[in-house]
Amino acid sequence: MSKILKIKARQVFDSRGNPTIEAEVYSKKLSASAICPSGASTGTYEAFEKRDDNNKKYLGKSVLGTVNLVNTKISKKLIGTNIHDQTRIDTILINLDGTRQKTNLGANAILAVSMAAKKLSAKIKNVPLYKTFLVKNNYKLPYPLMNIINGGAHANNGLRIQEFMIRPDKAKNFSEAMRICFVVINNLKKLIIKKGLSTSVGDEGGFAPMISNNEKALDLVVAAINKSGFKNGKDVSICLDVAANELMKKDKYSIHSKKFVSVDQSIKEYKKIINKYKIKSIEDPFGENDWMAWSKLMKNTNNVQIVGDDLYVTNLERLKKGFLNNSSNSILIKLNQIGTVSETLEVIKFAQIIGYKTIISHRSGDSEDTFIADLAVGTNSNQIKTGSLARSERVAKYNQLLRIEEELGKKASMSKIH
C-alpha cells in the first residue's frame, strides 16, 4: 500500500495574476502537484475560497494563511493515508473542515490537495490520469465549447452576455474540432480588424472588442462562421454563457439591453435570438435562485442545451432540486465549486444517470494545470469549456486533450452532443 508521506503547499499565481494555492503530495518515491483555479463571476452557493483578507499582502488576496493550513493541519491529518483511496482522503478533508461550504479550511486548500492526491495515485499506478475516473474503457473526447468573444465580468467592453462560444458539431475527431475552431477564430479576428476594433483578449482568451450590443457580437460570430465555409447551426453552433446573476435586479433582468424587464419578456428575447442566430446552448440564462424562470424557459425552448452553472454550483442537492423542477437539461462542472474530486465525480455520475449533459469547465482565473482535460475524458463528459485558442493556461487543456486522443489512437471517438 502506497501511503501519503508528506504534503507541501505554496502560494503561486493564476492567469489573472492573483495569488492561488498549489499543493504537492508525496509518497515514498514520487510526488504530484495541483493548482486550484478561481472564478470571477461566482455563485452564492459555491464552496468558500479562503484568502488572508490582509490589505498589506496582495491587497487582501494572498493565500499564505491557507498555505499554512495545508502544511500543518491538513498534512498532519492525511500523512499515512492510502494514496489510492480517494474517497477516504476527501472524506478526511471534508470532516476536518466540518462546514457546509468548506469555510474553515477553504475549498481552495482542500481541492488542491484532493487533485494532487488523485494525480499521485495515477502516477504510482503508472496509468494516465484520465483512466482513473468513472470510465474504464471506451473513452470519448469532449466537444470544445470555445470562447471567442468575451463580455460581462470577463472583459471591460460593455457587452451584457459574458461569453460567446462556438461548438464544432460536425467534427469527427478532436483534432478536427480544434482545426474548425482555429479557422473561425482567425476569420473573426479579420472581421474585427476590418471594423476598426481591438483584438485584445479577455480573461479567457476570447476577443474583447468594444461592442455594447449582444446582437452585433452575434452578427460578427455568424459572419466568421460563414466566412470560414461552415453552416451556422449545422457545422458550427453558437453557444452563450449569460451569467444572469450579474444582470439581475429583484425579479427583473437586463440581459439584452440596459433596461430591466420581466422573466416573460426575457424569455421572448431569448426565443428571438435562438431563432435568429440558431443558438444551441445557453448557460445561466437566469439567476441562481430563480427556479421558476429556468423551468419556464425549458418549457418554451426545444433542442436547446440549457446549462446550469451558478444554479447548481456542482452541488448534488441543488442538482436534484433542478431535476425535480425541470430547470435545465445540462450541468456545468467546476471542481472548485464543490471542493473535492470525489464530490465532483458524484455529481457527474448522478447528472449522467438522469440524462443531463455534463460539461467540464475551467475558471476565469486558471493555470497551467490540465486536470480538467483528463477529467472530461475520464468521465465521458459531452463537452469541455476551457476558453479560446489564446492564453497558454487555456491552450494547455486543449493540448492535453490532443495528447490523449493521440494515445487512444483508433479507439478515440467523440462524445455525443445530440
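Note: Cβ is positioned from N, Cα and C throughout, glycine not excepted.
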Of the candidates Lys320, Lys321, Lys349, Lys385, the one that Swiss-Prot places in the (2R)-2-phosphoglycerate site of Gln162, Lys334, Arg363, Ser364: Lys385
Candidates Asp203, Asp309, Asp310, the one Swiss-Prot lists with Asp241, Glu283 as binding Mg(2+): Asp309
For Glu204 (active site, proton donor), the number of other Cβ atoms found within 10 Å of its own Cβ: 31
Other residues, Cβ within 8 Å of Asp241, Glu283, Asp309 Cβ centroid (Mg(2+) site): Gln162, Glu163, Leu240, Val242, Ala243, Ile282, Asp284, Val307, Asp310, Leu332, Lys385
Neighbourhood of Asp309 (Mg(2+) binding site) by C-beta distance under 8 A, where only residues 6 or more apart in the same chain count: Gly43, Asp241, Ala243, Glu283, Asp284, Ile331, Leu332, Lys334, Ser361
Per DSSP, three-state class assigned to Glu283 (Mg(2+) binding site): strand
